[in-house]
């Protein structure tokens, strides 16, 4: 039978060995780590990184970065920071241009009403939503690596920004402001929103400088989806006053959703029938014909004079052109520091996850650190033009893909549409009722609400991920988006720690007729050699798991005190049968070890030596082996006790258990 091992007498000392070509030979002796390095690697090169001082490694890294200042290095840096230099020369003009043009124009048409709607959610005038639908899109086209990503205004960020704006620049209690007072209030709110974009952009650039793109992995998919779904409910409730024509102040902070609902129910008798009718008709027409509905509502309001006859709130004049670029007020930064990190994390997490989804679907790669750079620059520069925080958006990204978009070039066509509105078509939106914009906000939340359909499937796949989803969603809905995000991330990290605490140490046995060692609990037909214990610990070994590791090994090897309570382990204890003489510890599941975990292994080696148990370690990765070596493991064991695989360690153990009989070793056929 090809591939199965059989027993064979190993060569004794001084005899010829088949180890000259171990992979091509049928028979070989057990391989230790030292012997493996002699045969297949340069032992000096392997040991140098471990012995190299930290200062030398830092100097070598700085020399490598200094070489980037040369001509070729500068060109490589330019290619990395300006992705169009890489993909534009390979652009398939005939195959992709039409799709990018159609998708870009389609997304641009959606950006116009959606940008104005999300501006109201941010508590700034509608025109600033158009600015945020132009500058960030243009910048991401030049710097982003997500070919199918559509950036601009995003409901969750608008909600978070609006909460900060309302907290720092609240509406006066009277509510009756003159035109000049309203302009001053709007200017202050725009300044706060721009400062939030500037600060979050600067924070993302700092994260890019530290190469912290890996932080996106800490915002798991259940956390992101629960966050967006919970925020969608906040958006829905916050738009109820606009739908009903109720001039209610915006509620912020914890329990804002319930406060808003209570205020709406209390003021419901004072709702405006005209705005209620407009909202009902808009919602009925919004799903099939969103853009046409905006035009119809504007024409209806103009011809019927709803703004004067029924006091319906309208968008009003959209200033033409662009605002003068200016630096946001730095005086606002100390008051918004607590808001910057959540906004930056949501921006990067949503954008990176969306980019990864479509990159996997269409088989290309993204650079998470470059995404940090792109969104950081996008928010930083756009804040100079009074834009509020922006990121990738769920609805427009899906629309861009469905419309046939292929590359970032679609963003340029989207910018052309928004630019035409800013320069020429703005007056056509003068009579657009704000109730229609509130309906657009609610309609844009459909995809986020649809994410809740995945909950039953998540329950079946992973109860732990289901718990993360529910805890995050409940925290977002009951408290706030910021606190819900923090609670979701912390709870997600706690579940990871809990999973490492609940692992079981697996006792392995040999499947007869093979070289495979499998957990004994999988089958009663697995062979267990008397006196030999093979254990696999499938978890990182750090300060949080060292106690579990110690108790597990003591129980299996009979090293613990008699009064200790035996933990629940896999398989029967070896001390019930013949005492353990040789133990093989399979370290393939130990992905990393800290100082506390390494000292635990060293102490285990000492206790095994005192108890007359021969300890063998198998399949330690380079990082774990280096940590154990620095902790003094080689003072307790010899290099001949470190093996490249469980099979090699077990073969050596069988030789040790049967010193007078035939030396059994692994035989490959």
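For all residues, glycine too, the Cβ spot is worked out from N, Cα and C.
Automatic prediction, not curation, is the source of TrEMBL annotations.
What TrEMBL says about this one:
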- 93-112: transmembrane segment (TRANSMEM)
- 119-143: transmembrane segment (TRANSMEM)
- 190-210: transmembrane segment (TRANSMEM)
- 340-360: transmembrane segment (TRANSMEM)
- 411-432: transmembrane segment (TRANSMEM)
- 466-494: transmembrane segment (TRANSMEM)
- 522-653: domain 'STAS' (DOMAIN)
The transmembrane segment (190-210) versus listed stretches 93-112, 340-360, 466-494: most Cβ pairs under 8 Å:
340-360
Ranked first among 119-143, 340-360, 411-432, 466-494 for CB pairs under 8 angstroms with the transmembrane segment (93-112):
411-432
So, taking each listed stretch (119-143, 340-360, 411-432) in turn and counting its Cβ pairs to the transmembrane segment (466-494) that are under 8 angstroms, which one gives the highest count?
340-360
Counting each residue once, how many in the domain 'STAS' (522-653) are helix, strand and coil under DSSP?
55 helix, 20 strand, 57 coil
On the 0 to 100 pLDDT scale, where does the domain 'STAS' (522-653) sit on average?
82
Short question: which residues 6 or more past the ends of the transmembrane segment (340-360) have a Cβ under 8 Å from it?
144-149, 151, 154, 156-157, 160-161, 196, 199-200, 203-204, 207, 213, 215-216, 219, 221, 224, 227-228, 366, 368, 371-372, 375, 379, 389-392, 394, 397, 401, 481-482, 485-486
